[in-house]
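Scroll down for the structure; my scribbles are underneath it.
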Amino acid sequence: MKRCALLTPLLPLALACNNPNDPAHSCASIYSVSSDEAASFCATFTASVVSEPTGVPDAFLSACDSKIKHLSSACSCLGPVDSATATPVPATSTVPASVPVITTSTATATPSRIPVFVPSSSSSSAVVTFKTQIKSSSPGPSSSFAAAATTEAPTSTRASPYTPYTGNGGTTCTVTDYAGISSAVASCSNIMLSDVYAPPSSTIDLQDLQTGAAVIFAGKTTFGDTSDSDFDPIVISGTNLTITGTEDHVIDGNGQAYWDGQGSNGGSDKPDHFIVLKHVYNSVVANLNIQNWPVHCFDIENTESLTLTGITLDNSAGDEPNDSSDGDPAAHNSDGFDIKSSTDLILKDSNVYNQDDCVAITSGTNITVDNMYCSGGHGLSIGSIGGKSDNTVDGVVFSNSQVVNSQNGCRIKTNEGETGEVSNIKYENISLSGISKYGIVVQQDYLNGGPTGEPSNGVSITNVEFTDVTGTMSGGKDYYILCGDGSCENFTFSGVSITGGSDDSCNYPDSGCP
């Protein structure tokens, strides 16, 4: 029977939680040993509303280094809390409401925090398991799941029953060895990559997938060391695709082999983009669990009608310094989703734990980012804009999202001395907590090495709405707007209230900061 598995013991893999049986993970251990006591404060302790660890027992504070992010993450890994008392939990994995799925089960799944895809355990389609050899057969019909990607703004759903994806009816091939991937791509319409290890300098190349193909990651996908900034570990292209994972899978980017606190700004060579989606059309990427990527995670470019949903990105292992990072967090430039030159894209219902932009859009049109949970990074960003082959962003909505324990909340950044256009941007219903630098920031003096303090006006920024953006700062400025001469126009603020910062500065609009 095909079923939706929603069991709490699976959370450590789904969220890349620490092993409570490992003595090195004292925070996870105390939650496991004293789960009842933990549940009593986890019911109300969420990073979306807590900026100080008040009410947390001393033993938990000691084991978790008094860090809100560690406490909150461990609460998430503990499992579901009482819905009668809990505040809203981070965004969870859900299929877009407009995307039909195939189901053969009449069982009702119990809602949980991490609903996940479970591939078919039996099928009338041919099933071929192989290492380096496969049998070919005709592909089945294209997946209606993938073909139904929509540009309509999705409805936010934080926890709901989930129907597993059961394949597209064509040949299914299970790959357990890297050498078998290319043959499967050429011959199969359903491809399961099970516990695949990609050797050094070996890309998981999914650029020639059949139209309507499905790729399902199972077990643990791992990679050898490749010290090359031009190397992309996973590359995906195609039309009407479904890219997803089983309930217990994890894709591990081996970031610890590269992290040196410098990311792509220097230090050792490291893969600059972990997963590249390019020339992907009318497709769905759903329910992937990814951890420990070296630098940028998703590089999404030249796509059309693409939906990404239910994705958990966890790079929190890079928060701590290592021997190479000179006291700084080991991971750096660890953007979650970088989007460029894409049209009609939906990113929703996903969690990002990282050290840089949760989402960064540098070019594209008609993009919706909804129901995100962003922790530890640089917030929800437009930019940086300027100095690239495509420098136009038009029609972006960020909505119904939480940004916690991060450097920035809502950010628009344009490069000093460059040209481009940013228009029709909306931030609505965004909750901020523990923001250390800027709650809302628009700056036109940005450079990767540091802002110049002198804004330029080569990039126009017009028709920007901030609606119901609320929350608290742990320091820094609530608002910072630094526009070039005449380059900002028609900014509106409604229901905006950010507190806890100081020395706000806004040279636009004329009325000053909100």
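Using the three backbone atoms N, Cα and C, a Cβ is placed for every residue, glycine included.
The signal peptide annotation in Swiss-Prot covers 1-16 and is backed by sequence analysis.
Annotation comment: Swiss-Prot describes 134-166 (among others) as region 'Disordered'.
For 136-166, the entry in Swiss-Prot reads compositional bias 'Low complexity'.
The annotation N-linked glycosylation site is assigned in Swiss-Prot to Asn240 (among others). Look at Asn240 (N-linked glycosylation site): DSSP puts it in coil.
The repeat 'PbH1 1' feature in Swiss-Prot is assigned to 280-302. Within the model, the repeat 'PbH1 1' (280-302) shows a mean pLDDT value of 99, rounded to a whole number.
Look at Swiss-Prot and you will find 303-341 tagged as repeat 'PbH1 2'.
Taken from Swiss-Prot, the feature region 'Disordered' applies to 312-335 (among others).
Here Swiss-Prot flags Asn322 (among others) as N-linked glycosylation site, drawing on sequence analysis. Taking Cβ-Cβ distances under 8 Å and a sequence gap of 6 or more within the same chain, the neighbours of Asn322 (N-linked glycosylation site) are Gln256, Trp259, Asp260, Gly261, Ala330.
Summarising the annotation, Swiss-Prot assigns repeat 'PbH1 3' to 342-363.
According to Swiss-Prot, the repeat 'PbH1 4' annotation covers 364-384.
Taken from Swiss-Prot, the feature N-linked glycosylation site covers Asn366 (among others). Neighbour count (other Cβ atoms within 10 Å of the Cβ, all protein chains): 17 for Asn366 (N-linked glycosylation site).
If you look up Swiss-Prot, you'll see 393-414 marked as repeat 'PbH1 5'. Residues 47-48, 68-69, 72, 88, 90-91, 153, 156, 357-359, 361-386, 420-444, 446, 456, 458-459, 461, 464, 466, 469, 471, 474, 498 of the same chain, all 6+ positions outside the repeat 'PbH1 5' (393-414), place their C-beta atoms under 8 angstroms from a C-beta of that stretch.
Under the heading repeat 'PbH1 6', Swiss-Prot lists 422-444. Taking Cβ pairs closer than 8 Å, the repeat 'PbH1 6' (422-444) reaches residues 47-51, 68, 379-380, 382-383, 385, 392-414, 416, 451, 455-457, 459-484, 487-488, 491, 496, 498, 501, 508, 514 in its own chain, all 6 or more past its ends.
In the three-state DSSP scheme, Asn429 (N-linked glycosylation site) falls into the strand class. All protein chains considered, the CB of Asn429 (N-linked glycosylation site) has 17 other CB atoms within 10 Å. Annotation source Swiss-Prot lists N-linked glycosylation site at Asn429 (among others).
According to Swiss-Prot, the repeat 'PbH1 7' annotation covers 456-500. Note on the repeat 'PbH1 7' (456-500): residues 51, 385-386, 391, 403, 405, 409-410, 412, 414-445, 506-509, 513-514 of its chain, located 6 or more positions outside it, place their CB under 8 angstroms from a CB of the stretch.
Neighbours of Asn490 (N-linked glycosylation site), defined as other CB atoms within 10 A of its CB across all chains, total 12. Taken from Swiss-Prot, the feature N-linked glycosylation site covers Asn490 (among others).
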Cα distance (Å, whole number) from Asn366 (N-linked glycosylation site) to Asn240 (N-linked glycosylation site): 19
Local Cβ density at Asn240 (N-linked glycosylation site) - other Cβ atoms counted within 10 Å: 25
Per-state residue totals over the repeat 'PbH1 4' (364-384) - DSSP helix, strand, coil: 0 helix, 17 strand, 4 coil
Cα-Cα distance linking Asn490 (N-linked glycosylation site) and Asn429 (N-linked glycosylation site), given in Å to the nearest integer: 20
Alpha-carbon distance [Asn490 (N-linked glycosylation site); Asn366 (N-linked glycosylation site)] in Å: 19
